[in-house]
Structure formats: structure tokens, C-alpha cells
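In TrEMBL this protein carries:
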- Phe87, Gly88, Ser89, Asp100, Ile101, Asp102, Asp154, Lys215, Tyr224, Gly233, Val234: ATP binding site (BINDING)
- Asp100, Asp102, Asp154: Mg(2+) 2 binding site (BINDING)
- Asp100, Asp102: Mg(2+) 1 binding site (BINDING)
- 539-558: compositional bias 'Basic residues' (COMPBIAS)
- 561-575: compositional bias 'Polar residues' (COMPBIAS)
- 8-201: domain 'Poly(A) polymerase nucleotidyltransferase' (DOMAIN)
- 207-351: domain 'Poly(A) polymerase central' (DOMAIN)
- 353-539: domain 'Poly(A) polymerase RNA-binding' (DOMAIN)
- 533-586: region 'Disordered' (REGION)
Amino acid sequence: MIQVKTYGVTPPISLEASTDAETSLNTSMISELKKQGSFESEEATKKRYEVLKTFQKLASTFVYNVSIKKNMSEGMAKDAGGKIFTFGSYRLGVYGPGSDIDTLIVVPKHVTREDFFTVFADMLRKQEDLDELVVVSEAYVPVIKFKYSGISIDMLCARLDVNQVPLSLSLLDKNLLRNIDEKDIRALNGTRVTDEILQLVPKPMAFKYALRTIKLWAQRRAVYGNVFGFPGGVAWAMLVARICQLYPNACSAVIVIKFFHILNQWSWPQPVLLKQIEDGPLQVRVWNPRLYAQDRQHKMPVITPAYPSMCATHNITTSTMKVILSEFQRGSEFVTDISLGKKPWSSLFERHKFFHNYKSYLAVTAATKGSEEEALKWSGWIESRLRFLVQKLEVHDAISLAHPYVKYFEHSFIIPSDDIEGRRELLASFGTLKGEELMKKYTEITDENKNSEETKKLIEDESNVAVHITSLYIGLQLQSNSNGEGKKVDIHMICKDFLSFCQQLETYDEKFNDLQIKGVRLYDLPDFVYSEDEERPVKQSKGKKRKSDKNAKKIKKVKSNEVNGATGSEGGETSNHNDETAAASS
């Protein structure tokens, strides 16, 4: 039966059901998703469910313990409750192998955020199956990140102005937002937004298959990651949901095809809305570019449907917007060919060529001498600040594009404590081919050997020190002079300012934390940035260059000794480095 209900802020573009050809296309798309490993096994899904049951018990115990500590009676402490909610890909039903679980623990008013980061964090540390715990209490949305039984979990906490949090509690009531601070509101919004999205799509199953496809595409094309200036999971979900509203009876394949065609023509910064922005009972800021200058700066606004509405894509920069639009154009061309039978669905998911596309890169390396938890806190801080470096770079008159890569590379080594020079040399060259050679001098701590007796002995040996290094990359597209001659690109002050900015972390200590930025040429990139089945680019010898290349214009290059960063772990010394669209709009 044809749907007649109107979803979203405009009437649908088409109410037509899918044709036989479109249904066949849909079948082949789902088949390709299975080939690509998008779906998790039934056993792995059951494991997630059991893990969540464990954390519900832990949440109840946490609230009970805090209640008793604050002199509540036994009965009142038991009734205080505490409930675990999920949001993101798990709640939307689009998780796959290796996906994390976004969770939220909701607590009554006598349990504080500080209790969460101390009492609950200590309870977590005592769990046998726990690994890689890091507390990020200074974040915009404070979070505890950890691995439990091999599953990555991000856990938020929100305190409601209520005496009890029963297991029957729903978060849809806006009045629950009264008398709580903005950090609690932001934490609650993850679950509230996810639940609203599911209510605002006509056919949830068509939405889920389409979203799985778009998520896989975005990850393969390296345009997935809010922290790096690209849409995150919730933003991609809202974009897919909007297309579902415009084609309420279409199958998933049609949704995917329309997704690329419409967004390739979208009139940004026209916002993407799933429903009209609502007023509510609170004196809190709601996204409104007419009132707030900051909201007018959003380049590709995608607005959350739950009150108070916020922009889920505020991190997008000029450079990342260019990259996203380029991928929308590519996607539009590819789905056209796929619908005509000229290309298979697999072509849409071809891996990006980030580490082939630029002649110059910046390697940003964050190192910590100490525990894994301390390292995760420092590297996570640098990761969350990287977009500010991108914003400074992209306004430089010699740089036309500063493209951040959406993944980081982690390495840990056991280094003799007295090998200070070796450590300095490794950190100064890490992120390059030379650094990769130096890595071989030291024992690397890996997932395979970190729990072995031999590795544990080396770590516990006081004559050794564990050094954890995280590498991030930015591809630079450089302007050429009018006469075609290259010149040095001086970004010394930009890097120096970024270092000072990052040192504002409360727990920063120059004896243990290190940050370096260095220019790296394409052919000097380390092997670890390339996947196992990916061939690294090979530099042509001069004799093999085509004659037509002789008169080619010279391009400006960032030389490895033209960028200065600073180190902290070695006492603060400085080192050298270097028409459908119109109908869809609100």
C-alpha cells in the first residue's frame, strides 16, 4: 500500500514504489554489502547484548554505591536506579564488525559527573575484560573511552533532576531537560536524536540498508569523522533520513542513488532538516543563523531533530567541504553508471587514494612517555584539536587545500631509559620513511605481544621506558606562482601557535608529552600508512620522465626542514621538522 503521510519539512518528491528493475538493483546492493563484510555475525551481536547487560548491572551498582556513600538509606539507594541507553550505529541497527557502541548512563540528581569520572571509572578498571581505558573529562561532551571484551565503547553520563532513574525511563520528554547543565543536555541528545531519526523515516528497513551503504562508502572514501571536520555517523544518518522522507516508498538502492544526485546539487549552506526546529521549556541556545553569527558560519549545516536543535556538522572546514563535494560528485557519476549496468556496486566502495593524491603532507605526531591511559588522553586531545590546525593552514595564501586524514596510526615501543639520543632521533623523524627504519631498533608493543610475559617484563624493567606515538596526517595542495616557480611555504608560526594551543591541556607535562609537526614528501611517507593490498607510489627516475614534463610548471613544496614544531618529552627542546534539490530544501 502506498504511503500518504508527509515526512519532513517539505512534501515528498515522489510517492512511486520501486520498479522491478530497482528491486533487482536493491538485491544486488545488499548482496555487495554482505560481500564487503558490512554485517556482523549473530554470535558477535549476541556478545554485544551480553556486554550491555553487564554494564546495566554495573550502572545500578554504581548509583547504589554513590547513594550509600551520600548517607541514603538502603531502600532509597536501591530505588535510585540508573539506566544504560545506547545511541549511534548500535541504536540505529547499522553496526558491523569492529563498530563501537555509543552508550549513555543516566543517573539521578545526587550522582555527579565527578562521581562518574572517579567512582565509576575505578569500577571499570577492576573489570577483567577491560582494556585501553581513558577518561576525557575536559571534552565538549565528557566521555570515558575503553575496550571491553574486545568491543570499543564510548560512555557518556547525564544527570537528571529526579530522585530515581527506573529502567522504564524514556528520554523523549523535553521536560526531563529542566534544571540540568548544557553538558548533560549534550550527552542526552545522542540518544534523543537517534530515537527521533528512527521515528522520522517512512520505512526503517529501507533507511537502514541505505545508511549501511552510505556509511561504507564514506569510510572507504575517508570522509567519515566528525572530529576531523567531516560528517560523523549521526550526520550521515540524518542526510540519508532526509532522502527517505523525499522518497517514502522507494527501496534502499533508489535512496542511495537519490542521495548522491540531490546532495551533489544541494544549495549549501541551506540546512538539512528532518522537521521544523522546535521551541522548548529551556533558556538554552537552539540553532538559529538569524540570531547567532557563529551559526551563520556553518558551511554544510545538518540540524538535529531533537530539542534543543544543534548543528551536527559544525566542524566542517573550507577544505573538508571541498573534499566532501568532490566525493558527492564522484558518487553521483558512479551511481548513474551502476543504475545503467555499466559499473558494479563494488566500484562505489573503492578505497580512497589519500596517500597518493598530494605531493606534500604534514605529519603530526603526539608521543607520551608513560602509561597507555596517559597516552590515549594526550593523543585524543591532539586529535580533537587537529581541525584548528587545518583552519589555520587553509587560509595561508600559498595553500589551496589542507585535507586531514580521518584515521590515526598508533605505535608503542620499549626503549632503554638511558637512550635519550635514540629516543629524540626517533621522535624527530617519526612519520617518515627514515623514522620507520629507526623503529626497527626497538621492541614494538603490539596487540599480539602486549600480554606476553616477555613484553610485560620489559615494560616493568625500570631500565626501560614505554613510548606511545600517534601519527596524524594532513595532505597539502599548494598554490603555484604566476610565473610557475616554486618557493618555500613558511608555516612556522602556524605550527608554533598550534603547539602552544595544545599545551593548554590540564595534564600536559613537557617531561612526558611530546608534539611534533614535520613536512613529508609523498615518496618519503612511511609504509605503515598504506594498506596491505595497496602499492605505494614509486618515484620515477629523471631519465624516464616524459619529454612533455620538462616544461611543466614547478609546484611549491613544503620541505621537511621548513616546518618547525617543538618537543616536550625531552625537556622542551626544539627540533626541526618540518531540480530535486529545490524540492528537497526547506
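Even glycines carry a Cβ here, placed using N, Cα and C.
Overlay of TrEMBL feature records on the structure.
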| residue | record | Cβ contacts under 8 Å, 6 or more apart |
| --- | --- | --- |
| Phe87 | ATP binding site | Asp102, Thr103, Leu104, Gly190, Thr191, Val193, Thr194 |
| Ser89 | ATP binding site | Tyr95, Gly96, Ser99, Asp100, Asp102, Lys215, Gly233 |
| Ile101 | ATP binding site | Arg48, Val51, Leu52, Thr86, Gly88, Tyr90, Tyr95, Ile151, Ser152, Ile153, Asp154 |
| Tyr224 | ATP binding site | Lys215, Ala218, Phe230, Pro231, Gly232, Gly233, Trp236, Val406 |
| Val234 | ATP binding site | Gly88, Gly190, Val193, Thr194, Ile197, Thr304, Ala312 |
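For Asp102 (Mg(2+) 2 binding site), other Cβ atoms within 10 Å of its Cβ number 24. Across Phe87, Gly88, Ser89, Asp100, Ile101, Asp102, Asp154, Lys215, Tyr224, Gly233, Val234, which the record gives as binding ATP, the greatest C-alpha separation is 19 Å. DSSP assignment over the domain 'Poly(A) polymerase central' (207-351) gives 76 helix, 4 strand, 65 coil. Highlighted in sequence order, Gly88, Tyr90, Ile101, Thr103, Lys145, Ser152, Ile153, Met155 have their Cβ within 8 Å of the centre of the Cβ atoms of Asp100, Asp102, Asp154, the residues recorded for Mg(2+) 2, and are not part of that set. Cβ neighbours within 10 Å of Asp154 (ATP binding site), excluding its own Cβ and spanning all shown chains: 18. Over all protein chains present, the Cβ of Asp100 (Mg(2+) 2 binding site) has 16 other Cβ atoms lying within 10 Å. Across the residues of the domain 'Poly(A) polymerase nucleotidyltransferase' (8-201), the predicted structure has a mean pLDDT of 95.
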